[in-house]
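Residues or ranges marked as domain 'Amidase' by TrEMBL: 85-562. Here TrEMBL flags Lys134, Ser209 as active site, charge relay system. The annotation substrate binding site is assigned in TrEMBL to Leu183, Ser209, Ile230, Gly231, Gly232, Ser233. TrEMBL lists Ser233 with the feature active site, acyl-ester intermediate.
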Amino acid sequence: PSAALALLCSSAAAVVVWKWLGKKQIQKKMEEARSTRDEGVKKMAKAVQQFREQVPSVQTDAILSLPLLELTGRLQEGSLSPKTVLYTYLEKALEVTQQTNCLRHFIPECEEQLQEIQQQREKGLLYGIPVSIKDHIGHKGHLSTCGLVQCLGTPVQEDSVLVKVLKRQGAIPFAMTNVPQSLFNYDCSNPIFGQTLNPFNHQKSPGGSSGGEGALIAGGGSILGIGSDIGGSIRLPSSFCGLCGLKPTAERLRGGPVCLLNMDVCSRPTPVPCALGPMARDVDSLALCMKALLCQEMFQLDPTVPPIPFDEEVYSSPAPLRVGYYDTDGYFPLPPCMRRAVRETRGALQAAGHQLVPFSPPRIPYVMTELFLKTFFADGGRAWLDVFTGDIVDPSLKPQVNCCKIPRLGKKLLALILKPLQFLLLLKLKNVATISTCRSVKEMWNHHHQIQVYRTEFIAQWRELQLDVVLCPVLGPAFTTGYPGKLLTAISSTMLYNVLNFPAGVVPVSTVTEADEEELKLYQGCCDDPWDRTLKEAVAGAVGLPVAVQCVALPWREELCLRLMKEVETLSREK
């Protein structure tokens, strides 16, 4: 017995030591990654300083205030040089990331790209424009981390198709922005590079997963960025940070995300596809970016992208629109200010001569639980848990990770215990642990089929009302940091259009008022349950922060979606 006890103790000690050594190794890798980033920041700051000494008369504020269309015009005609514009934005990006921690890495090769575009025979549509890109969009020689330690090893070997097209159009990718760990969160925090903050209020989140982009552009450190969206990851940061952002039909732009371990949520084949899209300060910037990307270079580099150029005639048309609208989806009631934004925008559109038609999206609780969440947790979350092997889980993700770790038997018992609350769970399924899984290939095929059936049903309802576009709410205003991880299913407003694979964009139209804050005190949500109260806490203290609406069109009609967004933007600015 004593020998057995000694063996047991020594084995336990060995396990403890092994785990300790593993944690030390992880910490070392993270420290090295942070050190590399900090060195890059120092080198870029030095380069900016040298430029300022050589050209002390640069009117920084004047350049930063130019809208993208005006800036491209100045660059094309030669009244501004690409070098001046690049270093102006590099300097501002250094300032913004110091305040918000929005950058994962500067791209030092931007100086080489600066030389290359000056040798091109023709100036592309984005000639001389500095562009920021989300962490997981592949750029040659740089990591695509997804906020995971496992992805810190090997740099990407070549530019993604999207980056190649940006460069061909004369753009200069200059920075890669921070993301939440594994991208499966609409906050923006990971254990390697830390928490990104909202530039308008450092107690608030910039949203996610394209949160680094949101913070950098809203802070003035970038004029155009590229994000990705699989549940709202472009639209939520745009809402939280007061930007315009477009999630196109997923197949309209391709060749973006590169994760070397094939672990991020945008890399896997799924019936709810990931879409790449632009983020900027105004709608015209989004339209210009789409026009630049939808070119022969894109179609040749990636033959899976349909060769459909941007339709300028549709975007610029003055014809009145038939607009469906709703201010709640009946699943997760949004704060009063977001519903107010839809009502006010509806009134402005009607006054401008457009036809407004009430629209009610069908069966949102079913879509959220049986279609969207089941897509990502069809295996009970095991594949997602695998990405955290040999990693430290970010605190913002621990609620979801812990739920996925519950054994199948435990989940069945939990479902049995919660059966008396079945009505509440159907209305607002908050717990990943209770999501049903696909237990066979047949069930998985049936799940894919049900998504197609729902898309057909939704389009039929749209066609019956003869709608051109839809105006609807988006989640906001900006959450206090840490809260998005507690409210995964609050994203029903954006998630719907990922399941449908419809183009959808966000436009800021207002700000939170004192009256909104007072009305929030009376907010009870759907059932005045703990999750409704958590949402109330998450958005409190937001006076002055942006309030946005969402615009939607049918698949492949990005130009029509942007057309409504432009009309909304124009009317809100006039007001």
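Glycine too: its Cβ is placed from the backbone N, Cα and C atoms.
Keep in mind that TrEMBL annotations are predicted by a computer and have not been checked by a curator.
The binding residues for substrate are recorded as Leu183, Ser209, Ile230, Gly231, Gly232, Ser233; their greatest pairwise CA distance is 11 Å. Note: the CA-CA distance between Gly231 (substrate binding site) and Lys134 (active site, charge relay system) rounds to 16 Å. Least crowded of the binding-site residues (Leu183, Ile230), judged by neighbouring Cβ atoms within 10 Å of its own Cβ: Ile230. Rounded to a whole number, the C-alpha distance linking Gly232 (substrate binding site) with Lys134 (active site, charge relay system) is 14 angstrom.
In sequence order, Leu183, Tyr186, Gly208, Ser209, Ser210, Gly227 are the residues of the chain that are 6 or more apart from Ser233 (substrate binding site) and have a CB within less than 8 Å of its CB. Ile230 (substrate binding site) is 14 Å away from Lys134 (active site, charge relay system) when you measure Cα to Cα.
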